[in-house]
Amino acid sequence: MEPAAYGLTATADLCDQHGEAAGVCETHFGDYGGITAFSGEIVTVRCFEDNVLVRQTLEAEGRGKVLVVDGGGSLRCALFGDMLAQTALDNGWAGVIVNGCIRDVAVIVTLPIGVKALGTHPRKSEKRGEGAVNVPVSFGAITFRPGERVFADEDGVVVLK
């Protein structure tokens, strides 16, 4: 069965059905969006304390995709906030997973979009435009590859090829 046919299948069920073929992210994320279960085709951004490429990517049509941001696990500033959450929602993104921090949680939690992150930080990021888009990114003992499908819910994050 094609991964797209799973829709919002629970991550625990995907692990039971696919065993070792289901890649489980070992990073423990908090849920910050108004939706806690989401899935979609992976689009990636690799950046460090600089969210210019995150903004540029979310300004494109999302078509139900999920943006996976590898911020290097930095807890020193936010890579995503309420304005980017609204941009993602307006452009049809299903969700955003940030290996780093976000801010403006009081607003983001009211929006119907999935958002997972390591934590929160009130400081905004730099604006240098450094990083890479649509490259494999690795964290939490898993690699997220553009075009694969990611599933996220209260139990965690799972990738199916």
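Using the three backbone atoms N, Cα and C, a Cβ is placed for every residue, glycine included.
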Open item on the list: Please identify which of R46, R103 is recorded by Swiss-Prot as part of the substrate site containing G81, D82, M83, L84.
Closed with: R103
- [ ] Count the Cβ atoms, other than its own, that fall within 10 Å of the Cβ of L84 (substrate binding site), considering every protein chain shown.
- [x] 25
Open item on the list: Let me check the 10 A CB neighbour count of R103 (substrate binding site). How many other CB atoms are there?
Closed with: 22
- [ ] Would you count the other CB atoms within 10 A of the CB of G81 (substrate binding site), including those on all shown protein chains?
- [x] 20
Task: Cβ contacts of D82 (substrate binding site) (under 8 Å, same chain, 6 or more positions away) - done: R103, D104, V107, I108, L111
